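Noted in TrEMBL for the protein shown:
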BINDING   209, 216, 219, 225  [4Fe-4S] cluster binding site
COMPBIAS  255-271  compositional bias 'Pro residues'
DOMAIN    60-207  domain 'HhH-GPD'
REGION    248-271  region 'Disordered'
Ligand code: SF4
């Protein structure tokens, strides 16, 4: 009896062969292609008209939603349209304007500090190089890459909380440190894909592959995902978890691009 049981165990628990690096790279590139079909309109979800506005909006987006930032920045940019204006701002007035984004004292220090540095060290223009951007107060690698990729057309991978979570679920990396994640993903894709890949992954994380309840049953890349089943697999229940335009709701931008299929976000106070 014992022998039979042992035999059965041996035949039924044969582990699947680990995925080769080549197979993982092929699967990753397929995921990127599929996401490009699902989100042909993927874009930065912060409203901005120039590199300075994008830099400020990205600093404000820490620990809050892009929607909240977009609802806050019109009044801020009307009051302080240039780095010179913001460098000379009264901190209390800035705090008041950006209060809805949270951590408003620290963010005010960053905004006035980075504006002063741009005025004094870079002739009043946001620098277009990573090494220069990260010298600005409150600007880390992630913020610098957002600005480079979207205001200067320099390819960049932006590892935020969504990006890190999804690429670990997809087994593109098993590392936590954002710089290491960036390096691992950079090794899988050509540079020309980096910026749009970042938008697509973040779009998918915000709409479908949520942190606590991923909508696996409504996920277009489920067949390519080794973490399928981590979330809701029932198609009807999963559909109810979809957010923004996929769930039939407004997006995060007050002025979305023309090809965006959903409604624009409501202005502050109209939610
Ligand atoms: S199948 Fe589930 S875990 Fe995988 S990407 Fe889709 S929602 Fe995320």
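A Cβ is built for glycine as well, from the same backbone N, Cα and C atoms used for every other residue.
Of all the binding-site residues given, namely 209, 216, 219, 225, the one with the smallest number of surrounding CB atoms inside 10 A is 225. Sorting the compositional bias 'Pro residues' (255-271) by DSSP state (H, G, I as helix; E, B as strand; all else coil) yields 0 helix, 0 strand, 17 coil.
Those same-chain residues not listed among 209, 216, 219, 225 yet with C-beta within 8 angstroms of the centroid of the [4Fe-4S] cluster site C-beta atoms are 169, 208, 214, 215, 221, 222, 227, 228, 230, 231. Assigned with DSSP, the residues of the domain 'HhH-GPD' (60-207) fall into helix, strand and coil as follows: 99 helix, 0 strand, 49 coil.
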